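Only one structure is covered here, and it is reproduced in the block below.
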Amino acid sequence: MSDDRAHDEQPAGRRETERVFREEYGRCVAALIRFLGDIDLAEEAVQDAFTVALEQWPQRGLPPNPGAWITTTARNRAVDRLRREASRQDRHRQAQQLIDATTATPEERAAEEGPVSDDRLRLLFTCCHPALAPAAQVALTLRLLGGLQTAEIARAFLVPEATMAQRLVRAKRKIKEAGIPYRVPREAELPDRLKGVLDTIYLVFNEGWNASAGEALVREELCAEALRLARVLVELMPDEPEAVGLLALLLLTHARRAARTRADGTLVLLPEQDRGRWDHAEIAEGQTLVRACLRRGAPGPYQVQAAVNAVHSDETLDQRRRWEQILALYDLQLRLAPTPVVALNRAVALAEVSGPDAGLAAIDALREPLAAYQPMHAARADLLRRLARIPEAADAYREALELTTNETERAFLESRLAELG
Amino acid sequence: MSATKMYLLSVHMVEGQEPPSAETMQTMYQDVDVFNKKLQADGAWVFAGGLLPADVATVVRTQPDGKVLTTDGPFAETKEHLGGFWVVKAADLDAALALAAAGSKACQGPVEVRPFQDDTAEL
C-alpha cells in the first residue's frame, strides 16, 4: 500500500493529520472492519480517508471530531468502491454485507455489537488470538491498532520489510480463512484470552525496552505504543485488575528510562540509579494504580510484578524493608504461578534479605530448568562474586555472556568479569 | 451470525509409539462415541471416521503420460499419519476450537483444526 501521507507539502497540516492518524487510526480501522467484515478493505478505506484529509484539512482546518470524520469518510469511500466493483465476484459478498448493515434496525445492530461499543477491544482480541503465532500477534496489533507502517514494525523487530509484510499478510489471511471471529470472547474464555492480549502488549513493551540494536527512536516508540495500548485496554475493561496491573507495571518500568543507562550507553543497575532522573509523574500514577488493584484482592502475575516495581520506587522505605516486601510479593507470585523464572526472582530477593549464601542455594536448585535462561547465569555470577568464589563466578559470567544478545548487557557483564581479575 | 464454516478436525498417529492399553482404548472409544452423538445432536456433525494404520495404504499417481502408477504405502514419508478425523460445521474458529478441545479430550491426542474452502459442498 502506498503511503500518501509522505507527499503532503504543508508541514503544519501534515503534523496535525499525523497526530490524528496516530490517535484515531486504531479506532477507525476497528469500526471499519466491523462494517466491512474485511481487514484489508478497512485499512484501504481508512488510508483513503486520511489521504482526503491531507488534501482538505490544511485549507479548511480540522473538523470538530476528526476521528468521526475519518470513519465516515472511510465508510463512504468503501461503499463507493464496492459499488463500482460489485460485479466482481470477490467483492459481491462484501457489497451485500454493506447493504445488510445499512438496512439493519438500530436494535439489530445493537444486538450484534454487544455491550462493548468500542470496536478496538474486538480488534485487540482478534489480533491476539491464540491461533496466531506470537510474533504475528505483535505485528498485527502494532499495524492495526497502533497504525504503524510495515517498515516501522520491521525496523523495530530487526527483520527485512518483506519478511514483516509477509508475516502480516499471512496473519490476515488466517483470520479471514480460518474464521477467527471479530468479537470480545465470552465470559468463560475471557481470562485465558485476556492473558493473551496482556502478554502481547507486554511483549511490545519489552521489545522496545530490551532490544539494544536498532534505532533508539523506534524502540522508544514501541514502549510508548505499549503504554498507549495498555491505557486503551484499561479504559475499555476497567474492571480487569490484571489489565490495570499491566498498565502500572509498564508505567513504573518506563519511569526509569532516563536513569537506566549512562551517557556512554552502559547499564546502571536499579540500586545505583539516580532516582532524581526517574519520571515521578509516571511513578505516582503507577503507584496509585497498584494500590487500586491490590484493594480488589484478585492478585495476578502482572499486578504482583507491578507491586514489586512500586516497592522499588517507594521513597518511604529503606533498602532492607523494600527487599523484605519484594520477597513477600514473590512468595505470593510463586503461589499464583509456580514457574522457575518466578523462583529465580524470589531467589534474588532472598539474597538481599537473608544473604548471598541463601540466594545462591535457591538459584542452584534452578540451574537445570533455567540452563538456557541468561538472567539465571547473570544472577548466579553476581552472588558468587559477592561470596568471593572467584573462579566459579568467572565461569558463571562466561555462561551468561554466551547467552547474551543485548550489547548494553554484554558490556556490563564483561566489565564485571574483568573486575574479577 | 448464522453463516457456518466447515472444518476438518484431524487426529494424527505417531508411528512406533506404544499402543494404549486395551482399557484405555475402551474408554477412548466410549468417549469418542459420546462426543460424536453430541456433535450430531448439536447439528455440528458432517462426517467422522477412524482409519486403519497407514501401512495398509496405497498411493495411485497419474503420470504425465497418462499412465497410472500404483505404489504400496502412505503418500508422505513421515512418522505421523492421519489416524482419524471429524468434519464439522461451526460458526467460526472459536466454535471449531471448542469442538476440537472436546474431541482431543475424547480421543486423548492432539487435534489439528483446518478450515475447508468456502465453496465446499455440504453433505
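Along the chain as shown, residues are numbered 1 onward.
Any Cβ shown, glycine's included, is placed from N, Cα and C.
Now, the feature entries from TrEMBL:
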- A:82-93: compositional bias 'Basic and acidic residues' (COMPBIAS)
- A:106-115: compositional bias 'Basic and acidic residues' (COMPBIAS)
- A:23-86: domain 'RNA polymerase sigma-70 region 2' (DOMAIN)
- A:124-175: domain 'RNA polymerase sigma factor 70 region 4 type 2' (DOMAIN)
- A:193-292: domain 'DUF6596' (DOMAIN)
- A:82-115: region 'Disordered' (REGION)
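Under DSSP, the residues of the domain 'RNA polymerase sigma-70 region 2' (A:23-86) split into helix, strand and coil as follows: 55 helix, 0 strand, 9 coil. Across the domain 'DUF6596' (A:193-292), DSSP classifies residues as 72 helix, 2 strand, 26 coil.
Over the domain 'RNA polymerase sigma-70 region 2' (A:23-86) the predicted model carries a mean pLDDT of 90.
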